[in-house]
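S.K.: What TrEMBL shows for this protein is this:
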type	residues	note
COMPBIAS	B:459-471	compositional bias 'Basic and acidic residues'
DOMAIN	B:15-198	domain 'Pyruvate/ketoisovalerate oxidoreductase catalytic'
DOMAIN	B:233-477	domain 'Pyruvate flavodoxin/ferredoxin oxidoreductase pyrimidine binding'
DOMAIN	B:507-602	domain 'Pyruvate:ferredoxin oxidoreductase core'
REGION	B:437-471	region 'Disordered'
Amino acid sequence: MSVFNAIDEERDIDVNEFTPSLEPQATWCPGCGDFGVLKALKQAMPEVGRTPDETLLVTGIGCSGKLSSYFQSYGFHSIHGRSLPVARAAKLANPDLEVIAAGGDGDGYGIGGNHFMHTARENHDMTYIVFDNEIFGLTKGQTSPTSPKGHKSKTQPRGNAKSPIRPLSLSLTSGATYVARTAAVNPNQAKEILAEAMEHDGFAHVDFLTQCPTWNKDAKQYVPYIDVQDSDDYDFDVHDRREAMEAMHDAEDALYEGKVLTGRFYVNDERPSYQQEKQSTGDMPETPLAERYFDDDYEWERSYDFLDRHK
Amino acid sequence: MTDDELIWRIAGGSGDGIDSTSQNFAKALMRAGLHVFTHRHYPSRIRGGHTYVEIRAADHEVKSRGDNYNFLLALGDSFARNPQEEAYYGNEEIKPLSENLDELREGGVIIYDSGLLDTDDIPDFDERVEENNWHVFDLDLRGLAKEHGREVMRNTAGVGATCAIIDLDLEIVEELMSEAMPEKILEPNLEILRESYEDVKENYDTDVGVTVPESEHDEEQILISGSHGIAYGAIDEGCRFISGYPMTPWTDVFTIMTQHLPDLGGISEQVEDEIAAASLAIGASHAGAKAMSGSSGGGFALMSEPLGLAEITETPIVLVESMRAGPSTGMPTKPEQGDLEHVLYTSQGDSNRVVFAPGDARESYIQTRKAFELAYNYQIPSIILYDQKLSGGHETVTESTFDREPNPDIGEVVTEEDIEQGERLAGRFKRYRYDGEDGVSPRSLPGQKGGNFLASGNEHNEAGHISEDPDNRVTQMDRRMEKLDAIRDELDAMDESHQTVYGDEDADYAILNFGSTKGAVEEAVDMLNEDGHSVKAMNVSDMVPFPKNEVNSFLEGVDEALVVEMNATAQFRRHIQAATGKHGDKLFSLLKYDGNPFEPTDVVDGFEARLDGSAEPAHNTRIESATGD
Ligand SMILES: Cc1ncc(C[n+]2csc(CCOP(=O)(O)OP(=O)(O)O)c2C)c(N)n1
Ligand code: SF4
């Protein structure tokens, strides 16, 4: 008998299902933006219609990486920067799973930058949430790839000589098909965007602005933000690559000038996901690979049949 | 020289088709009823540059490339003709002839392509021929090939001439060519083959004393490399997911698997680096697939952290480490056994993994299957450690080695009914609760109702939550480590041990070795015992958990043991001492790390040099005594 019977299409899903019943003490600092991500994610789940048991959340290391501890679903708390490769393969092995990867800006744009670029390029069908607090939180406040130029920390005492990374444009140029930015201080938008990202058929990247009141005094929660979709000043077509790129450039320039632009920046519904591409070249089975190990009727082929060519 | 074996060396430029020609010829010799062993020498260059493949064939089992060789087919290097290259590398064209003479046995045969090679360019050629009593055939192979087809077909002309001299039934070769070649090039090749054969038969004296004996196999044979053994073992064991990044020689396994997996409903992923490769294998396995990855030295170094992640999250995976000479990029195309300690200890914390080092292609198949079985039954990473020599060299293996039974079992997974009824479900599923005997706690797979849990690279409690509680830490640590004892018990209870003891049990002297040195050592044991010594050998495959009792009883009663390994620091000898806690007074090392594998005579010389000083250790080998106990 199959071990996978859970997929339960028509069921009302309650937000509380995603809260562990024996909840571990969340070890985030009071006022940390990470609480906002957790809340938005829980609230997005019923909209997507996936239960905790159908969901796999893979996290990296950092304060952000602890998300999987406080969110009830299948979880994999992996290693620093490597949530994406773990998540990618789980999705390939069992495409029925709702796969979400999450980590910090250090985790995702620093040590895991290579994986970020390639996962976006391949357009894996998954959601990637980056907790962007412009700082290394868990290791106590070092400069991160999104820290502003001139930022001072123990590792950059004379001020950061590097310009920050541009995550939205990087994501778009790498191949992501859904790119958005939201913020912990805007829970409604955050929930909506996360739900949309999960429903998107391809690599959805959400740069999630969070505050780190402990290490980053320039925390963005005090800054007014503008939803680019609600504002008449930002009239661009999210489906148009070039227009999206321009909007991203504006958003990325403005961020360090104190203006926070959030919302959807790019949506491409046309490009097939990696899984679809792989299936179309015959490189991936139609039914989930993982299920096959429990299918009693499946005929396992043997290497014996290849031996002929060596005789 | 012995006339009961043929060691045929085909030499030319890389990219000249030496590989495919030699593969076909090796198969032809196997079909003629002989045992075959091949050795591939290649420079770290894709086109041009001197390269050769050696095929040893005999009516008895052949376990190594042997000592020196007795038949040279020198084809010349067609890629070395540009003057710029010549300025860099010298006259490469003649290298396939000039570079190979030192190892040609007395009385051996030389065929050289007079269409490309000029013996006038080689000083002392005629003198050496006379001195060594070599039989020389100067044939315009290139001319013949050009006449009937294209210049590159001179390989075929060389094979035809070889068959005429060694008296091999041409039909076998013809049949093989028909199977291997596309229609378009088959006809000209067959013409070239026959014409060359007949030319030699008619115009030359072929009674030169180098032939192959008539023989027949008792059982059907196949000709495969260690990499095929690993790939086919994985496939039979139900592995349907592989992720990797190219690196010589690991690429062999990766490409063989990639060639087959899509047809078997599997998935192969070439990814951005080795950290990703190992992480993908973990992700796929976590989701419920049988998965593998692998690399060679430098790439395996990058896998260090994911390897530890698999250990602590108890995610079953199989990793392959195909050793080449290090450190760093080292010598990409040369074998060494210098990564043993790297594989034993890499990654932070106490290592908790299974490591097997198969000694030949047959063992590669068998031990890969076992490695998967243990990985999935015990939820632990297994590593197959082998080297460039075993990776590319082909050898005959009896077809019955290959079990007909596929095994898609992924180990203990609870059902949704179990979860619903079981006490493991209080809050989150208690994935890491210990209620078994061997350290294994059944897992649930993502997608199962009620089975959600957290797999964490941090130390965690039963439900997977991060925990730094001292008592929990000890419980979890002990449980994970306990698996290795259970695995050792299981390995000891098997009908056939992975360790191979060779020679007389009561011998006075022992040789210990691991991995691909197996064949050369066994042949050396035969030679030594024929010379009146009393020697036995053990090839150890189980690196972790170590077969302590087997090794102890093997060493009991011997005066001394020589540990033969291909590295400079005696890593295997130290591993034996560490694992058994003794034998320091008995063990001596014979080390070789010049990029070439041990030949049987290297071992014989080392033995005699150590035992009674009657010989010098062979060139580039070193003897060293153990220190401490
Ligand atoms: C390979 C490796 N290098 C370094 C670390 C140490 N480390 C843990 S978290 C972290 C940075 C986390 O910063 P970020 O990803 O921005 O997440 P945050 O804590 O701010 O949420 C680092 C460097 C590690 N765990 N592993
Ligand atoms: S250090 Fe910063 S990011 Fe980490 S929990 Fe505290 S506030 Fe949040």
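Each residue, glycine too, has its Cβ placed from N, Cα and C.
Keep in mind that this is a model prediction, so the values were computed, not measured.
Mind mapping these onto the model and telling me what they sit next to?
M.R.: Residues 312, 427-434, 453 of the same chain sit 6 or more residues outside the compositional bias 'Basic and acidic residues' (B:459-471) yet have a Cβ under 8 Å from a Cβ within it.
On the 0 to 100 pLDDT scale, the model's mean across the domain 'Pyruvate flavodoxin/ferredoxin oxidoreductase pyrimidine binding' (B:233-477) is 95.
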S.K.: Within the region 'Disordered' (B:437-471), count helix residues (DSSP H, G, I), strand residues (E, B) and coil residues, in that order.
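M.R.: The breakdown for the region 'Disordered' (B:437-471) reads 2 helix, 6 strand, 27 coil.
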S.K.: Using DSSP, what's the helix, strand and coil tally for the domain 'Pyruvate:ferredoxin oxidoreductase core' (B:507-602)?
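M.R.: Its residues divide into 37 helix, 27 strand, 32 coil.
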